[in-house]
Structures are given as C-alpha cells and as structure tokens.
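Notes follow once the structure below has been shown.
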Amino acid sequence: MNFLTAVSRQMTRFTALIIVLASIVAFIEPATFSWVKGDTQVFVLGIIMLGMGMTLGKEDYQILAKRPLDIFIGAVAQYTIMPLLAIGIAKAFNLSPGLTLGLVLVGTCPGGVSSNIMSFLAKGDVAFSVGMTTVSTVLAPVMTPLWMTYLVGQTVEMDGWGMFKFMLLVTLLPVVIGSAANILLHKKHWFEDVRAIMPAVAVVAFACIVGGVAAVHGHRFAESALVMVLAIAAHNIGGYILGYYSGALVGMNTAKKRTLAIEVGVQNAGLATGLSAKFFPGNAESAVATAVACVWHSVSGTVLGNLFAWWDKREQ
C-alpha cells in the first residue's frame, strides 16, 4: 500500500498534466472517453466529492469555529468576486450566450477540490484553505442556483430548484458521507489505505470528466477557441488578483493572502462541467467552456503555487 500511496501523491502532483493528456487523447480518439456522459458522469463527479469528504476530519471543522472571521471573509470573496467577474468578462468580451453560460457556471461554483494542494505548494495557510473549500462547497447548493438564476436566468431556461436538489445529492451528500466515514473510521488501517489512494482516484475521475466532454464536444472547440481561452484566463487570473488584494484589504498576512487568491481563483470547474451536462445538455459551447476551464484552472493554479514557492526561495 505504501507503493500505491506514493503513486497517489505523484498523480496528485501532476494533476494538470494528466488532465491535459486526457483532453488530447479524447480529442484524437473520442471513443476512449465517450462513455463518460449522462449518469456515468454524475457518478464520477460524486466520486470526486466523496474523496474530498474523506479528507475532512474533526480538526477541519474546528477550524471553522476557531477562525470564523477568516472563513466568512473568504466565503464572501468567493461568492461575490467570481460570479460578478464572470458576467462582467462575458459582457466585455461580448461572448455568445453559450460561452457566457459556461463562464458564469464556473464563476458560481465553489472552490476547486485541488486548491488545498495548490495552497500547500504556495506556502499558504492550508488550514484556512481547507476551511474555505469546505464552507464554499456546503454553500454551493444554495449559492450556485441563486447566482445562476440572477445572472443568466433571463436568457436561458433555468431550473433553480432542480439544480439545488441535484447539488445536494451529488455535491453535499458525498462530502458528508466521506467526512463521516473519516471521523468514524480514521483509526482503521484499511480506511487509512483507502483514504491515501482517493486523491489519485479523484485525479482519474477529474480527467475522465474533462475527457468525456472533449470526446463529445471537442470538435466545437476550434469554433471559438481564442476568445474562450482568453475569457477563461481573464476570469481565473482576475480571481487570483482580486482574491489576493481582498486579503490585503482586511489585513491578512502573506500566507492567508496567497490562500485567498488561490481559493477565489481556482473554481470547481469539474462540478460546472457536470452541471452543464445535466441542466444544459443541448448547449455544446457551455460544455466545452467548462471543460477548458477544468484544464486551465488546474494548470494555472499549480503554476501559481510554484511561483509563490520560487519567490520565497529567491527572497531567502
């Protein structure tokens, strides 16, 4: 099992590369990932959220009680900066309704499940990162449908209540089950082994979701590739910058500011991809945009974490 744990760690380190490779393979040979759609995609998404839950123990929930102000500031930043920035960029770039839908979906989703690793790489406040990810995920079944209805409900048909119920089932329930299992079984050796390999399982699941979208809708990427990538990059980088300076505005230290930048900027684009497939199945542009965001956020977050670490070494 030590071997599997080591493999899991390496796969987690190279999450971005694995997702990029999955996208390329799916684009060249769609049949490889074309099975990841519909209920299968929903199941895979649930596995990712279960893995996240299995990392949460009592000490992580104690952070919420010990540092409520930090978590509150983080949650407000998360659910104001990214949704409003998404719709602002969509208007500034004059995006099509489909690309706007995809970008806003990404912007209204909670923080990415890999943001904790990126915060660690950046020498950020990892406890703060875990607390923020937990709270943003718990709030997501309410905040995501509300923001989606407000921002794009006038232009696309929205089932806010259906999205709320879906996110409870696919997002919150697996996290609760995983967390409860971790709290009750964390001393069991077999559970420690399972928990150790779950990050690798999550990486594979994440790659499958992106690959599935690339396999089905990859041919649509070239139609608006440049503006799509530019809009996603602007949204993501804008989140980093505004997240960092939000922390500076309230007097956070460097580690917290880095964490807030990453937590705000890196979104759970895998969840956005699942929501796009479930609630907007006929909108190929939205599906492609959320899948491209999966790749971009994974790559840019890893790069930013390493840049922060490089800066520290340079200063020393």
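Yeah, the Cβs are placed from backbone N, Cα and C, and that goes for glycine too.
Automated prediction, rather than curation, is the source of TrEMBL annotations.
TrEMBL annotations:
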- 40-57: transmembrane segment (TRANSMEM)
- 69-89: transmembrane segment (TRANSMEM)
- 95-114: transmembrane segment (TRANSMEM)
- 126-146: transmembrane segment (TRANSMEM)
- 166-185: transmembrane segment (TRANSMEM)
- 197-219: transmembrane segment (TRANSMEM)
- 225-250: transmembrane segment (TRANSMEM)
Result, the transmembrane segment (225-250) in contact with the transmembrane segment (166-185) (3+ CB pairs under 8 Å): no
Cβ pairs under 8 Å between the transmembrane segment (225-250) and the transmembrane segment (95-114), at least three: yes
Best-contacting stretch, by C-beta pairs under 8 Å, relative to the transmembrane segment (40-57) and drawn from 69-89, 95-114, 126-146, 197-219: 197-219
Highest-contact recorded stretch vs the transmembrane segment (126-146), from 69-89, 95-114, 197-219, CB pairs under 8 Å: 69-89
